[in-house]
Structure formats: structure tokens, C-alpha cells
Ligand SMILES: [Zn+2]
């Protein structure tokens with residue numbers, strides 16, 4: 001999947017996904033509201049990065065809930081969250097200690113430990129017995145749009161591996177009408193049918209043994225719910241563009257474990273089968289599935305029955321079907337037909353993604369040396385979609401905004417996002433669909449590779465986007481950010497239960513996974529890397545693999561021992577900080593685990609990573625140096641200039657002495673460092689200030705030296721770094737916050753004035769992005785010229801009659817500046833500016849325009865505007881898939897952050913209902929509403945609220961949010977005086993004491 005925009009924004013690029021929009025904290029997965037988001041912080045107006053790292057919120061009304069009826073599972077979850085906080089703060093807060101002593105939790109936890117402690121990580125997995133192995137499914141489904149149900153019949157051919165009386169299949173929210181087993185030409189019925197809700201299985205027991213060695217067919221008639229949860233076989237609604245009438249389509253989202261909502265099945269990636277699907281629907285509706293149509297018949301009752309050709313062997317999570325009133329455009333630029341489907345009228349925006357898809361499939365067939373094995377490729381824009389996109393084999397589904405592109409109304413970031421998402425999903429057709437991980441802890445193989453591959457191909461098609469430069473401030477930053485938290489997890493994480501699986505669609509699987517692959521590809525060379533991938537795909541086509549299978553293929557292609565170099569990187573949590581000391585031309589390196597909270601305990605610092613040093617000197621880059629010991633010494637010819645981690649190819653932070661950092665700052669100005677090096681230098685300095693290895697004043701000095709920088713990527717990193725400081729200082733006195741704004745304005749205004757804010761056809765994408773960023777950072781920090789220009793645009797623009805006055809690249813920033821400068825009104829009124837942005841939402845010409853308005857509405861600090869924005873997010877006007885959008889603006893300032901937490905507590909039950917824990921979106925929303933805090937007291941209030949709640953499904957997100965709050969609290973404790981003194985010494989803060 002591609003993380004949902006939510007996730008994506010949360011964790012990812014400043015650069016590519018819209019500048020300063022108030023975005024989400026980064027989440028986790030792509031496919032899911034993948035998520036995505038080091039510190040990173042926040043650009044103006046909101047944060048694109050993992051909310052987790054930078055945001056802060058104030059708790060004003062901690063729940064007083066004292067229920068004592070918590071279930072053991074909720075207690076277990078709470079305690080899983082706590083190892084970090086509890087041990088660190090036990091002495092500070094006895095209540096926390098009490099929470100960790102729950103007897104119920106201890107018992108449960110010990111049980112899990114027993115399984116996890118075993119050498120075999122597959123133990124404890126909730127998997128089906130292997131007595132029966134499915135080989136083929138014959139599935140017929142008929143949705144009923146009148147009552148939102150569907151009738152299904154499935155016949156599953158099974159190889160009997162072990163004699164048994166019992167067959168278990170996964171199901172969820174399915175009512176079974178009838179079950180029969182065809183065996184030896186006879187049909188028998190089960191004597192009992194039992195449902196286990198905890199592990200989501202129906203078990204059928206027969207009165208006779210079913211002997212091993214034969215093939216039997218299990219036939220089940222059943223009814224399911226065409227639900228509105230964006231999971232399984234679900235309904236999606238939209239307004240007819242012409243009549244305004246609400247219409248429905250039926251569609252699917254099976255990954256990771258929701259195929260069981262559509263049909264009883266063996267819902268595990270390693271149980272691959274072939275499928276024949278038949279859909280019964282009204283004759284005027286379009287029916288789509290993974291394969292092309294085999295035949296269409298009259299089904300009687302005025303409906304048609306559309307049967308599709310048999311699929312190749314595939315995993316259940318890739319099954320897909322769509323039924324609705326759809327139109328399409330087609331391209332024949334690839335050897336097979338490619339179509340983009342959309343609701344009527346919207347198919348006209350399909351050209352960009354059709355073109356990229358045709359070029360990408362051609363490119364991938366050549367790169368992988370394996371033909372795309374299905375007869376067609378359909379891509380469908382779905383109005384309600386929890387992730388960003390889903391790679392169903394032959395039938396990829398997308399959020400509307402991630403597939404359809406209107407060059408007249410879309411920003412440059414939107415275009416890049418679509419290109420990336422389409423290429424990501426197409427990479428999965430081989431990596432994931434043809435060759436599949438054997439269980440979910442191999443998810444990184446799918447997602448890390450699809451992420452790396454999409455950048456590799458974007459670099460091929462759009463060399464002037466310079467995507468690998470961007471990678472450093474996007475995926476690499478997201479990976480290092482999340483993985484710098486104690487509550488991160490190894491890339492290969494043992495997941496056993498369904499509730500754990502959705503939570504690993506995060507920056508570790510996508511961003512760290514792809515960063516590991518980028519590191520290997522640089523170590524082996526891209527050509528050798530692709531050669532190994534080719535061999536891997538050929539050898540395991542239609543099968544399942546483990547991570548070691550990929551390493552074996554790469555070892556064979558390269559002649560190097562890839563597994564021993566990489567195993568630590570995938571099996572261990574975290575990454576190292578390398579501390580550099582110098583003695584003449586000798587450079588001494590020492591590695592330790594990096595933690596953002598700066599409180600690494602000896603037992604957490606036992607991993608020694610194999611580190612590819614990547615030494616850059618005036619003579620070039622030496623890629624041959626590596627070490628996997630605690631300490632290592634190397635020698636350079638001339639110590640005047642050198643830099644480690646050349647082009648930020650490896651996953652580690654470098655901690656230089658302050659003298660060396662100054663010299664490197666100068667080297668950056670002297671043109672000795674690449675864009676990746678400059679962005680990486682700033683990123684490392686920022687992360688090391690956050691965690692106390694360096695003073696924040698040293699970071700501010702370093703940033704000040706970049707006034708003449710010309711690269712968009714480097715400016716995006718600077719903006720993220722200042723954003724992280726501002727987010728952490730969110731609850732400090734106004735004077736200090738104003739001083740930080742002034743600092744950023746001084747940096748960005750000259751650039752904004754020089755570049756201007758007109759866009760011409762001669763501007764390439766990076767120029768457009770730099771202009772947008774400068775306009776955003778100068779304007780939202782109060783540059784008078786930019787503010788005046790923005791207000792003039794805002795005042796002359798009308799979303800209905802004169803919508804093009806504001807350039808798409810500036811749209812959000814202009815809303816933000818107008819809301820920052822809103823004219824005061826009474827407490828019971830909305831500001832005129834807020835009303836106008838709301839009007840822009842109502843009149844938006846497409847989902848992209850509406851989303852920009854939604855994200856920025858919350859930027860207003862007027863209390864009624866804040867309250868109404870929050871209320872609006874839960875109204876019928878905002879789809880559940882977009883609930884997070886209005887929250888992102890609200891959390892971009894102190895006033896909103898406080899209200900956001902109150903709102904979350906008041907609406908908790910409703911949120912849980914709208915966003916079931918199975919969807920990773922809930923974790924993102926929890927993260928957005930809690931991670932803006934900056935003190936331990938605030939964190940305690942959050943945990944008090946969750947004390948007796950079942951946090952299953954978002955316990956990992958909550959733990960990460962609390963870790964990031966702890967990191968900000970300790971940063972403030974260490975450096976708030978240091979920053980104040982720096983601001984005074986540099987003229988941004990009056991020398992007298994700042995007033996509260
Ligand atoms: Zn994916």
C-alpha cells in the first residue's frame with residue numbers, strides 16, 4: 001500500500017508533498033495513511049513530519065475517568081506503552097508506577113514473553129492450522145445497495161495435508177447460511193460450527209475424519225455487510241457531478257487482514273491460491289476484478305453475472321473487486337491495455353497517471369527481466385479510501401487525489417505525489433504480488449522495496465526533480481526520526497496478532513526499509529543491486545520469501561556477504577550516532593545507540609552496527625571503509641577538510657566537535673559539500689541538539705551560515721529544523737516565540753523577495769518548490785511585503801467566480817496568512833477570513849482544492865473558529881477518510897493544540913467508532929492530538945486519560961507520541977536558556993528578561 005496522505009504527511013517530505021501545509025504528523029504506512037514523518041518538523045503552518053517528533057499539545061482537561069473495570073487486554077496494552085515512561089519517571093510519578101503493576105497485565109505479558117523469547121519468531125503467531133491448504137477459490141458475490149449487504153458463495157478446493165475432523169477459516173462480520181464439504185463424490189455437512197471472535201475464525205467440525213492425501217471442496221453460502229469502514233468489501237459514496245444525488249459504489253481493501261470480511265478464506269500471505277471471481281450486479285454498472293472478463297451472462301432478475309478469468313497464484317490480501325457507475329480512459333502505450341476508472345466526469349483527469357503507468361510498466365519489465373504477468377492493468381479512483389493506494393494485482397485502487405491530476409488546479413507537490421504513488425503501486429506488481437513475504441514481519445520487503453523502486457524510477461523519468469537529493473529530507477529523515485525513539489521497532493518486527501499488523505505500516509517499514517535498500521544499493525552499486533533483484537524475482541515468482549532470500553540473491557549477484565552486513569540493520573531496533581574525535585590526521589570514531597530522549601541505558605547500547613563510513617575528502621569519496629566494532633580509527637592525508645557519511649548514504653548520525661562543525665559549515669559555503677551532504681549536516685546537527693549531544697545554539701549558528709544557500713532541499717531541511725525548535729518552544733513565553741519567528745523571517749525574506757511569487761512556464765519543479773517555500777516561510781513569519789501580497793490575492797479571489805487568482809502552489813499559504821491576520825470579531829462569531837476559507841472548501845473544484853481548505857481552516861486562533869473547525873471534522877461534510885485534515889491546522893499553534901486535546905477527550909467514543917482500531921488512521925489521529933505536548937506533566941495527563949482504555953490497535957502510536965513528548969521536555973530542560981541567550985546575543989530578543 002502507499003501510506004495514506006495522513007501517514008505520509010506525518011512522516012515525510014517537506015519537500016515533495018506540499019510545503020507548509022498544516023499536515024499530519026507523520027504516520028506510518030502508506031498504504032495507509034502512511035503514513036509518514038525526526039525531528040522534523042514542522043514547516044510553517046503545520047507539520048509535515050511525524051507529528052510524533054515535533055508537535056506538542058497541551059492538555060487542559062485530563063479525563064477523570066477512574067473506571068476499574070478495565071479488561072486485561074486494555075491493561076496489557078497500556079503497559080506495553082509504558083516501559084519507557086514508567087522506568088524513567090517512576091520516581092517522579094507514583095501513579096505511573098501503579099499502572100505498571102497490574103497483575104492482569106503481568107500475567108498476560110509474561111505469556112507473550114514466553115513466545116517472543118523463543119528462537120523461533122513464528123511461535124505465538126495467530127495462524128491457521130496447516131492441515132488443509134487452499135489451492136483454488138471459486139467466489140460469487142452479489143452486493144445489495146438497498147440495505148448495504150452482500151450475498152456470497154465460495155467453493156474452496158483444499159489439499160488435505162493431515163487427517164482431521166476440523167477445518168478452520170478466517171471470517172469477520174460474516175453470517176454463514178450453509179456449509180458443505182464435497183468429499184469422494186459425497187457431500188457432508190458439519191456437525192458443529194463455532195466462531196472464535198478473538199482470532200476471527202469459523203471452525204467447522206465434521207463427524208468423520210477427512211483423510212490426508214485427498215482433495216476436497218468446502219462450499220459456504222453466507223451474507224456479509226457492505227460496510228462503511230473502508231475495510232474488506234465496503235461501500236463508498238459520492239455526489240453525482242451532474243445531479244448532485246448521492247451514489248454508491250462497492251469496492252475492496254483487503255490488506256492486511258480484511259479479505260475475511262469479503263469471504264471465508266485462509267487469510268495469510270503464504271497461503272497463495274488461484275481465484276475465479278463472479279460478480280452479480282445491475283446491468284448498467286461496471287464490474288472489475290484482478291483479471292479480465294471471461295464471460296458475461298444474464299443472471300435473471302434483471303442483473304448480469306460477470307465472470308473473470310482465473311488469477312495466477314496470489315495471496316488473499318491482493319484480491320480486489322469494484323462495482324459502480326464508472327467511466328474510463330485507456331492508453332495503449334504499453335503492450336497491454338492500461339485504464340484509469342473514475343466516477344462520471346472525472347475520467348478526464350486520468351492522462352497524467354495513464355502516461356506514467358505506461359512508461360513505468362515498460363521500464364519495470366526491462367529492469368526486472370520478468371514480464372508483468374496479468375492481461376491488463378486497471379487503476380481506480382475511490383472516493384472513500386483509508387490508505388493512499390493499494391496494489392491489488394491488476395486492479396490498483398487509489399484515493400482520488402493520488403490518481404487524478406488537473407494541471408490547472410494542482411500544485412507541483414500534488415503532481416510529484418501522484419507520480420510517486422503510481423510508481424510505488426506498480427513496483428508492488430512484482431515485489432509483493434509476484435513474490436510475497438511469507439508473513440507480515442516481512443512487510444518491509446514489500447514496502448521498503450516499492451518505496452526505493454519508485455524513487456529509482458522517478459529519477460529515471462524526471463531527472464530534473466533530483467529526487468535522490470530530496471530523499472535525504474524525506475524518507476531518510478522520517479526513518480531516522482521515528483527510529484530515534486525508544487518505542488520504535490526493528491524492521492523485521494515479530495507481529496503475531498491482527499491488531500499488531502496494521503501498526504507496522506509505518507516509517508520503519510517504508511522509510512527505514514527503503515533507506516536500508518538504498519544503503520545496500522550504494523554498497524553494491526545500483527546495477528549489481530538490480531541484477532540481484534532480478535534473480536530473486538525469477539527464483540521466487542509466485543512464491544513467498546523471507547528477508548534472507550533477498551540477501552542470498554544479492555550475495556550471489558555481488559560476490560559479497562550481504563547477509564552478515566545487513567542482518568543487524570533489519571533485526572535490531574535503532575541506529576548509531578558516531579562520535580568523532582581528532583588527533584592530527586587520525587580520526588577516531590565511536591558508535592553508540594542514538595536515542596532522541598538522550599537517556600540510553602547500557603543494556604540498550606549493546607548493538608554494534610556494521611557501519612559504511614563513506615569518507616569524503618578533497619580527493620573524492622572512499623566507500624571501502626567499514627567497521628562493526630565499538631571504536632575505529634582511520635587516517636586522512638589532510639584533515640583540513642573531510643566529512644563522514646558522504647551524500648548521507650548510510651543510516652547514522654555524526655557527532656563532530658564544535659570546531660569541526662564550524663569548519664564544515666564553511667566547507668558548505670565553499671562548495672565542497674553536495675546537497676545531500678548539506679542537508680544531512682543540518683539534519684544531524686538538529687537531531688544532536690534535540691538529544692543533547694550538541695547545544696542548540698551551535699545548530700542556530702550553523703543555520704545562520706546558510707543565508708546564501710540556493711538548494712530547495714537544503715532550505716526545506718532548514719525550515720524543518722527551525723520548525724522543530726518552534727514546535728518544542730510552543731509553550732514558552734511569547735517574546736521567545738516571536739524571536740524565533742524573527743530569526744526565520746530574516747533568513748527567508750531575502751530569498752522570497754529575490755525569487756518573487758510569480759510562476760512561469762520556465763520554472764522547473766524545484767524552482768517552483770523553492771519559491772513556494774520562501775513565500776510560505778517569509779509570509780507566515782510576518783514579512784510585510786509577502787503578507788501584503790498574500791492579502792491582496794486573498795481579498796480579490798473568489799473560489800466560485802474567480803478561483804485562479806491564487807496560484808495552486810501558494811493556495812494554502814495564502815489562506816494561512818489571511819487567517820493569521822484575521823480581523824477581530826466577537827466571541828460568538830467566526831472571522832470573515834475563516835468563513836471565506838470554509839467557502840473555498842464548499843466550492844472547491846475537486847478534492848485537492850477542498851483538502852487544502854480543510855487543512856488550513858484550523859490555522860485561525862480565534863476561539864470560535866477553532867471550535868467550529870474541530871466540530872466540522874466530525875460533521876457529515878467531512879468523509880471519515882479526511883477527519884485528520886482539519887486537525888492538522890489546529891495543531892499548528894498553541895491555542896489550537898490545547899483545544900485539540902480537550903476535543904479529543906470529549907469525542908473519544910465517537911472517534912473510536914468512526915475509525916475502528918483496525919485502521920491505522922486511528923493511531924495517526926491519536927498521535928496528532930497528543931504529540932504536541934512538551935512537558936512530562938502533560939504526558940502524564942494523556943496517560944491518565946488512556947489508563948483504563950483499550951489501546952489495542954494504536955498502542956504503538958501512543959507510545960511513540962509520548963516518547964517524542966519526553967524528548968521535547970528534556971530538550972527544553974537542557975537548552976531553553978541556551979537558546980534564549982543566543983537569541984539575545986544575535987539581536988532577536990530584547991536583553992531584558994522575557995515576560996511570561
Ligand atoms: Zn506499498
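A Cβ is built for glycine as well, from the same backbone N, Cα and C atoms used for every other residue.
Within 447, 460, the residue that TrEMBL lists together with 424, 428 for binding Zn(2+) is 447. Candidate recorded positions: 425, 447, 510. Those with a Cβ under 6 Å from ligand 1, in sequence order, are 447. Shown in sequence order, 391, 446, 450 are the residues of the chain, 6+ apart in sequence, with a C-beta less than 8 angstroms from the C-beta of residue 428 (Zn(2+) binding site).
Neighbours of residue 425 (active site, proton acceptor), defined as other CB atoms within 10 A of its CB across all chains, total 31.
Cα of residue 447 (Zn(2+) binding site) to Cα of residue 510 (site 'Transition state stabilizer'): a distance of 5 Å.
Mean pLDDT across the domain 'Aminopeptidase N-like N-terminal' (134-318) comes to 96 in this model. Rounded to a whole number, the C-alpha distance linking residue 425 (active site, proton acceptor) with residue 510 (site 'Transition state stabilizer') is 13 angstrom. Cβ packing within 10 Å was compared across the recorded positions 424, 510, and the lowest neighbour count falls to 424. For residue 447 (Zn(2+) binding site), other Cβ atoms within 10 Å of its Cβ number 31.
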